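The structure under discussion appears below in the form of structure tokens.
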């Protein structure tokens, strides 16, 4: 194995900690960097950055590597958070983790690491990279642990980024990562996994959004134009949402799915022109099912779109099982996906990602659903 100078992104979590340990064991020259990507809440109960850095520094001490604290908050605010707010204000539901990976962890962080003389960077993502022996192209693969695979969030990475990236824990199950952490005495071996969007932390999402987006209340209507209540603003809801609607509809035990009087309500549409939130009853209501989508902001791992006329695996949300999809009309600006089986709550602003088996091909941002 070729030995490299590798800069590891140490987050304070167990995955990046084991990543650093594995690389050190393999004989690489390893340096740790803690990325501070958000500082608006430094004095808030919701900010874990200071605690995370203490954990990361303790990990570096156990592993036996140096660690540097680097502030990327300005880049994050300009490249990720500003786009996050624009998307919500436009009525879509963005995934900032996808943009953070492309713009911060594998661009700003990568550039910083290269300036330090690194040949590679490594993170604790559950994914894999390999170079195809026939095409010599770098491929992004799913992590071996299907319950933890994070290739969906990495689908915008290009050849230059992948060629310099390493994901050691992508070859392991999460249980193995925890076991290694305990065996070598890592102080964060039992630290719980982080959840949610990094700059929101554990606070209620609506409370956070209130600080940046003004409320524009409007009507909540069902599929028969019956008024059921008022919403606080379309930006605060996402397709498929069930809780927080304030209109009741608790499902009775044994009630049928698909529109019974006692079925729960789900957000089905956001009509921006009339500021109307449309809701329907039943998980399998036709308004929640989609046969096709259009995507823009395209990024293909290989640098070009996959061949048409073949069914690929697809995901329109994280942790969704792969669903067959046919791609057509692919241009540098966008593509269309058609689904043999209807997909539930396909949401504009989220990513549509294609797979050929375990190989992540890339994808785009969902712009329209069931276009005519």
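Note: Cβ is positioned from N, Cα and C throughout, glycine not excepted.
If you look up Swiss-Prot, you'll see 9, 10, 11, 12, 13, 14, 15, 16, 35, 124 marked as ATP binding site, on the strength of sequence analysis. Sequence annotations record features per position, and here Swiss-Prot assigns active site, nucleophile to 100 based on sequence analysis. Per Swiss-Prot, the feature disulfide bond maps to 100-198. Taken from Swiss-Prot, the feature site 'Interaction with tRNA' applies to 125, 350, supported by sequence analysis. Annotation comment: Swiss-Prot describes 198 as active site, cysteine persulfide intermediate, evidence class sequence analysis.
Here the features listed in Swiss-Prot are painted onto the structure.
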{"residue": "9", "record": "ATP binding site", "Cβ neighbours (10 Å)": "24"}
{"residue": "11", "record": "ATP binding site", "Cβ neighbours (10 Å)": "23"}
{"residue": "13", "record": "ATP binding site", "Cβ neighbours (10 Å)": "20"}
{"residue": "15", "record": "ATP binding site", "Cβ neighbours (10 Å)": "26"}
{"residue": "35", "record": "ATP binding site", "Cβ neighbours (10 Å)": "28"}
{"residue": "100", "record": "active site, nucleophile", "Cβ neighbours (10 Å)": "25"}
{"residue": "125", "record": "site 'Interaction with tRNA'", "Cβ neighbours (10 Å)": "27"}
{"residue": "350", "record": "site 'Interaction with tRNA'", "Cβ neighbours (10 Å)": "24"}
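In sequence order, 125 are the recorded positions from 100, 125, 350 with a C-alpha within 10 Å of the C-alpha of residue 15 (ATP binding site). In the three-state DSSP scheme, residue 11 (ATP binding site) falls into the coil class. Residue annotation for ATP gives 9, 10, 11, 12, 13, 14, 15, 16, 35, 124. The furthest Cα pair among them is separated by 15 Å. Note on proximity: among 100, 125, 350, the recorded positions of the record, the Cα nearest residue 35 (ATP binding site) is that of 100. For residue 350 (site 'Interaction with tRNA'), the nearest of the recorded positions by C-alpha distance turns out to be 100; the candidates were 9, 11, 100, 125. Mapped onto three states, the DSSP output places the residue listed as 'active site, nucleophile' in helix. Note: the Cα of residue 11 (ATP binding site) and the Cα of residue 125 (site 'Interaction with tRNA') are spaced 11 Å from each other. Reported as a whole number, the C-alpha separation between residue 13 (ATP binding site) and the residue listed as 'active site, nucleophile' equals 17 Å.
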